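Below is one structure, written out as structure tokens, with a few remarks after it.
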Amino acid sequence: MRQQVTLALTAGEPAGIGPELCLQLARDQRQHGIVAVACKHLLQARADLLGLAVELEDWQPGTPAATAPGRLSVLHVEGLASTVAGRLDPANSAYVVETLRIAARGCLNGMFDGMVTASVHKGVINDAGINFSGHTEFLQELCGVERVVMMLATEELRVALVTTHLPLKDVAAAITPERLSQVTRILDADMRKFFGLERPRILVAGLNPHAGEGGHLGREEIDIIEPALNKLRCEGIALTGPLPADTLFTPHWLDNADAVLAMYHDQGLPVLKFQGFGRAVNITLGLPIVRTSVDHGTALDLAGTGKADGGSLKTAIRVGAQMATSAKRETFE
Ligand SMILES: NC(=O)c1ccc[n+]([C@@H]2O[C@H](COP(=O)([O-])OP(=O)(O)OC[C@H]3O[C@@H](n4cnc5c(N)ncnc54)[C@H](O)[C@@H]3O)[C@@H](O)[C@H]2O)c1
Ligand SMILES: N[C@H](C(=O)O)[C@H](O)COP(=O)(O)O
């Protein structure tokens, strides 16, 4: 019998905290079917290291995933070279990327209702000669869509980004009318689709200090951002901005908004992580599949200690299941 929602959970970087967070999760009763897409020897080795009594069960597509405490369904992925907690090994990188590919393809072909990702280490994947800037960009390419949007969210704040994993020196050139329009439309549409907002109210940050100070501190607001926002307003999207980013994240603005659209990674994410690190979710909008993730990285310093906090993974699973349920409802309506 097929469960209501079955999520693929990729365990991420083998040397990081991902494998143990998957095991920690399996200690409790789960509401949704969760299938760890990972090497079962890695999970067993980490369970042994931490003394976690979790029974790993081979999962067969089309069957219910384990939800009982102490049991975890696993879709085994071959190719792991080493399993030492805290020590990166480029020889593991192809395996890591393969877990993502299997989970994403499983979502595209209906085997899974969505995927939740533990963190990967972008550096070691690139060290292995694989061009990889993040799950977000990888899934955009795998799913064959032109644009996706990274959004991190807590219960109180949602922050989406116009640009993602880009060197700061390249950000200004990437803020084009076309990108701004695509990102804003995706943000508006997916907040309606997945979060039930009838007309999401979006605050848009400027790029330059003080949103350009009338052109004296940069012209991107006047030449690119304002004209693009004006066109989008004519489509019915509720936009405020461009606002100075330093004062945008204050109750005056946030109390009457549903999301913030920041121009670049470290304009928006430090605020979100200061507000809710450890309980936030990273969501990829604009994909034909549901994908959520944790708000933290591989935390190599904690791997193998059992001290990593699983709060964000729980949020990622809860939000992923909620989005998958909304997507299914839309399909059947
Ligand atoms: N979703 C993802 O795949 C993802 C997200 C962010 C960063 N990363 C990657 O992770 C790697 C390391 O990044 P970083 O060092 O900037 O960030 P990090 O989140 O791994 O670590 C930052 C600090 O937070 C702590 N921390 C992180 N997760 C924690 C948890 N669950 N419980 C308790 N403490 C926790 C760490 O111990 C460290 O002190 C990089 O390669 C980065 O690209 C991946
Ligand atoms: N920007 C994300 C964060 O800071 O949490 C992180 O790098 C993960 O990105 P992907 O989901 O694209 O791997």
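The backbone N, Cα and C atoms fix where each Cβ goes, glycine too.
Mapped onto three states, the DSSP output places ARG291 (substrate binding site) in strand. Sequence annotations record features per position, and here TrEMBL assigns substrate binding site to HIS135, THR136, LYS273, ASN282, ARG291.
According to TrEMBL, the feature divalent metal cation binding site maps to HIS165, HIS210, HIS265. The secondary structure of HIS265 (divalent metal cation binding site), as reduced to three states from DSSP, is helical.
Minimal Cβ crowding within 10 Å, among the binding-site residues THR136, ASN282, is found at THR136. Here the Cα atom of HIS135 (substrate binding site) is found 14 Å from that of HIS265 (divalent metal cation binding site). Under 8 Å, Cβ to Cβ, and six or more positions away along its own chain, HIS210 (divalent metal cation binding site) finds LEU217, PRO244, ASP246. Not one of the binding-site residues HIS210, LYS273, ARG291 places a Cβ under 6 Å from an atom of ligand 2.
Listed in sequence order, the binding-site residues from THR136, LYS273, ASN282, ARG291 having a Cα within 10 Å of the Cα of HIS165 (divalent metal cation binding site) are THR136.
Long-range Cβ proximity for ARG291 (substrate binding site), meaning a same-chain Cβ under 8 A and a gap of 6 or more residues, is found for ALA104, CYS107, GLY114, MET115, VAL116, THR117, HIS135, LEU139, ILE283, THR284, GLY320.
Long-range Cβ proximity for LYS273 (substrate binding site), meaning a same-chain Cβ under 8 A and a gap of 6 or more residues, is found for LEU152, ALA280, ASP295.
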